[in-house]
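To keep things clear, I will list the structure first and then write my remarks on it.
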Amino acid sequence: MRLTRCWAALAAAIILNLLVFFYVSWLQHQPRNSRARGPRRTSAIGPRVTVLIREFEAFDNAVPELVDSFLQQDPAQPVVVAADTLPYPPLALPRIPNVRLALLQPALDRPAAASRPETYVATEFVALVPDGARAESPGHLERMVEALRGSSARLVAAPVATANPARCLALNVSLREWTARYDPAPSAPRCDALDGDAVLLMRSRDLFNLSVPLARPLATSLFLQTALRGWAVQLLDLTFAAARQPPLATAHARWKAEREGRSRRAALLRSLGIRLVSWEGGRLEWFGCSKESARCFGTVAGDTPAYLYEGRWTPPCCLRALRETARYVVGVLEAAGVRYWLEGGSLLGAARHGDIIPWDYDVDLGIYLEDVGNCEQLRGAEAGSVVDERGFVWEKAVEGDFFRVQYSENNHLHVDLWPFYPRNGVMTKDTWLDHRQDVEFPEHFLQPLVPLPFAGFMAQAPNNYRRFLELKFGPGVIENPEYPNPALLSLTGG
């Protein structure tokens, strides 16, 4: 049957409407990032840079806007959003091959490679972009790459125009002393670390050769590792825009983010072995042991703590506890009229630099046995363990006939009190340990006692303490430091 012109026109109209309908439907199902709302510029550098977004809060963020802003500059821009676990609420990310979500916490149903961030980065460079930034001006990544290529620095940074833009800091990290110290940068814009919001660009191989490349807080973790390696960061005269709808806009969201940030930072620093941070301006922040926690090391074998084998000295929190305990014990002894003096390694530390030896793990004091009865705490310790009003624990040591004062019931950093008594002009005692310095000595070293700076206060010491120390340890002991048991581990590496 032949179709009339009317039927043909009707069929054509239906087909045209169907085509329009399917096209509009297809557009609506495309990711919003793939539909440019303005002119787009394809970057010649883009394929060599991966945008990596790690620092954001799952409960309140502007990550979709951030991703969208980079895709508007270059639809082919590789973007990786990294999180420990699947973010909740879910992130509204475009479902396109060059935008990927990396979950870093291992899971039973995923291969090991899926938890390694380098699996998701195939480019020469990586840009670490914080939440709250926005790619608004074309070519920023290209300029950062060129700046990195032309610099001796291993990282370059561009501030983000937020309320807290990045600024330069100097950073000194000492693993041996468990410390990190921040100061004003002497040669900005070249610095060791940054404080504030910035986009960081570095070579991918450098990032993924770090011990923990994406640990949070990211900036804290990253700069501790790069400063330790001597890698400088160059702060560029280049600014990224802030998000149009910035994250953490409410007071509650900011409070929650700050609380979780503090918790993450403390966990990070403890895991990296940093026990003390000195912030710019001199504020100290401690991340080690306290009266409420156990000390930072376990039982000592062979007079050589485990940390010495790791190339470290006594953690600063432990030294602080020893200083506090020593000052307190000396105050109690002096108030009770108990004659005491610095002994052993503690006297050696006082003679060298007026403090505890930096790898020592206790404090030793000698006391006159006949004065023990003058001190209420020592009398109580004769019968059993005594916890005084300051939380210090006074007790008889299980190793022999001497006293021990512990920092607390939880923290067993301690001061040992060795009771001596005179016999024919020689100071002796009833308990001897297998230490070279544990020997008798003439009483004239104690007549009189002399004041000596030690651990932040003035303590009593034997007169002619150099001869006293050389009697116990050997000639030249003050000038030639050595670990307590060089047969096991020597300071000189022999």
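Keep in mind that glycine also has a Cβ here, set from the backbone N, Cα and C atoms.
Copied over from Swiss-Prot, here are the features:
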BINDING   Cys289, Cys296, Cys317, Cys318  Zn(2+) binding site
BINDING   Gly345, Arg352  CDP-L-ribitol binding site
BINDING   Asp360, Asp362, Asp364  Mg(2+) binding site
DISULFID  Cys168-Cys191  disulfide bond
CARBOHYD  Asn172  N-linked glycosylation site
CARBOHYD  Asn209  N-linked glycosylation site
REGION    289-318  region 'Zinc finger loop'
REGION    359-364  region 'CDP-L-ribitol'
TOPO_DOM  1-6  topological domain 'Cytoplasmic'
TOPO_DOM  30-494  topological domain 'Lumenal'
For the region 'Zinc finger loop' (289-318), sequence-distant contacts whose Cβ falls under 8 Å of one of its Cβ atoms, 6 or more beyond its ends: 175-179, 273, 275-276, 356, 358-361, 391, 407-408, 410-413, 435, 483-485, 488-489
Rounded mean pLDDT for the residues that make up the topological domain 'Cytoplasmic' (1-6): 54
Those recorded positions, out of Cys168, Cys191, Asn209, Cys289, Cys317, Arg352, that come within 10 angstroms of Asp360 (Mg(2+) binding site) at the Cα: none
For Asp362 (Mg(2+) binding site), the number of other Cβ atoms found within 10 Å of its own Cβ: 20
Winner by Cβ contact number (other Cβ atoms within 10 Å) across the binding-site residues Cys289, Cys318: Cys318
The region 'CDP-L-ribitol' (359-364): DSSP-derived helix, strand, coil residue counts: 0 helix, 2 strand, 4 coil
Length of the line joining the Cα atoms of Cys191 (disulfide bond) and Asp362 (Mg(2+) binding site), in Å: 38
CB-centroid shell, 8 A cutoff, Zn(2+) site Cys289, Cys296, Cys317, Cys318, site residues removed: Arg275, Gly288, Ser290, Arg295, Phe297, Pro315, Pro316, Arg320, Ala321, Asn411, Leu413
C-beta crowding around Cys317 (Zn(2+) binding site), within 10 angstroms: 21
Set of same-chain residues at least 6 away whose C-beta sits under 8 angstroms from Cys296 (Zn(2+) binding site): Arg275, Gly288, Cys289, Tyr307, Pro315, Cys317, Cys318
Pairwise Cα distance for Arg352 (CDP-L-ribitol binding site)/Asp364 (Mg(2+) binding site) [Å, integer]: 16
